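J.: One structure follows; several queries about it will come next.
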Number of protein chains: 2
Amino acid sequence: MADTTAHTVKSFDEDIAQLRSIITRMGGLCEVQIAGAVDALVSRNVDAAMRVVEADARIDLLEAEAEALAVRIIALRAPLAGDLREIVAALKIAGVLERIGDYAKNIAKRASALAMAPPIEPVIIVPEMARAVIGMIKDVLDAFVDRDVQLAKAVCDRDQRVDDLYNSLFRSLLTFMMENPHYITPSTHLLFVAKNLERIGDHATSVGEMVHFAVTGIHIVDRPKTDDTSTYSNTPLVPPVA
Amino acid sequence: MADTTAHTVKSFDEDIAQLRSIITRMGGLCEVQIAGAVDALVSRNVDAAMRVVEADARIDLLEAEAEALAVRIIALRAPLAGDLREIVAALKIAGVLERIGDYAKNIAKRASALAMAPPIEPVIIVPEMARAVIGMIKDVLDAFVDRDVQLAKAVCDRDQRVDDLYNSLFRSLLTFMMENPHYITPSTHLLFVAKNLERIGDHATSVGEMVHFAVTGIHIVDRPKTDDTSTYSNTPLVPPVA
């Protein structure tokens with residue numbers, strides 16, 4: 001009887017390890033996709049951008065695999081309390097990573113469009129935003145695998161810097177568009193690219209909150225949002241001073 | 001023994017009914033929030049917009065309630081196959097509705113900013129987009145509650161119209177900004193409002209796909225995306241003819 005119990009426990013751990021490994025692979029692909037999309041954007045490389053668009057399907061497949069495995073674990077093992085919380089967190093994290101992959105794909109699509117337009121200067125802030133969110137994804141998934149609540153919280157705090165970069169780029173782009181109305185189309189694409197990266201930061205933060213809940217059973221108290229551009233309205237009729 | 005089984009089955013049905021009822025309440029609130037945000041936008045009513053922003057917390061609370069109930073049902077009843085699939089779908093749908101609520105909140109924030117800027121004409125397409133996505137949310141949740149696969153698929157097909165409206169508004173706004181560079185800030189907000197509504201349509205579609213999978217166990221084949229604005233790049237140096 002002791003043997004059976006040990007066997008069951010061991011198999012459950014193996015199941016969880018497999019689920020964590022799928023999530024880690026999804027996270028690694030997301031990092032590669034974001035970096036690839038932003039490289040294609042900066043180097044104005046349409047072929048590279050197209051490869052990123054095509055590669056997104058692999059993240060979608062892994063999400064379906066994670067979901068199927070999570071459901072199988074629940075059905076076969078009927079896990080309780082902490083174990084169940086971890087599986088539900090894995091299910092939700094897989095969903096978030098799938099969306100992060102979609103954002104990377106969208107950046108790559110816009111990179112193709114931008115490669116056909118004349119280069120615009122505010123693009124230089126984009127790689128810095130990308131590095132910041134890639135670091136957040138990497139660390140928040142380490143926190144998930146290691147059940148490291150402190151690291152998960154630290155990642156949440158780093159979203160502030162992504163929001164600051166976004167706010168700065170948003171304002172630069174508005175000024176740039178007002179001064180160069182002919183560049184409005186590429187600037188608009190870059191605005192959405194920046195918004196996608198800002199949303200990736202939000203999603204990495206929400207994963208941090210999921211990890212915190214999975215490990216402790218307690219929700220992190222709501223942090224304030226610091227993307228303040230949605231209420232940005234000062235003197236819209238007067239272009240800001242450059 | 002027959003009595004015990006009947007009792008267990010009945011209780012499980014009650015649990016599922018309670019979970020469906022939370023999802024339905026979330027959907028109803030999402031509809032009210034989108035309509036409220038867009039009304040505030042069109043009527044330039046900052047107070048109404050702020051009320052929408054504050055009311056979003058109710059959707060977040062309901063999501064936490066749905067998740068807690070779903071986890072409790074899984075832990076207590078260890079549902080199998082179709083039942084488990086339905087609970088996992090409910091969990092995911094609650095997450096999607098929470099995000100739809102966030103989009104409505106963001107529209108309300110931008111409505112406040114827009115109320116302080118001079119009125120711009122392309123705003124007239126927004127209520128039409130809002131009506132389309134509200135109808136999709138309503139019908140897709142009816143499909144979820146009634147396990148109606150045909151209705152779920154029909155809702156997915158309606159996303160095309162939302163994408164068409166978005167593409168049309170996107171192009172109008174670009175033209176508008178090029179002709180009136182001083183209106184770039186409010187136009188940018190409206191661009192994000194339109195994008196939020198387009199994303200709500202995508203999310204309603206993904207709920208349709210979740211309902212399809214929950215009922216049939218089969219994934220709908222990937223439909224093509226028809227928001228083509230992310231690759232829009234024709235003659236960015238030359239403003240389009242009005």
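Any Cβ shown, glycine's included, is placed from N, Cα and C.
Marked as domain 'PhoU' by TrEMBL: B:23-110, B:127-210.
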J.: Could you give me the DSSP helix, strand and coil counts for the domain 'PhoU' (B:127-210)?
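T.: Within the domain 'PhoU' (B:127-210) the tally stands at 80 helix, 0 strand, 4 coil.
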J.: To what whole number does the mean pLDDT across the domain 'PhoU' (B:23-110) round?
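T.: Averaged over the domain 'PhoU' (B:23-110), per-residue pLDDT gives 94.
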J.: So, by DSSP, how many helix, strand and coil residues make up the domain 'PhoU' (B:23-110)?
T.: 83 helix, 0 strand, 5 coil
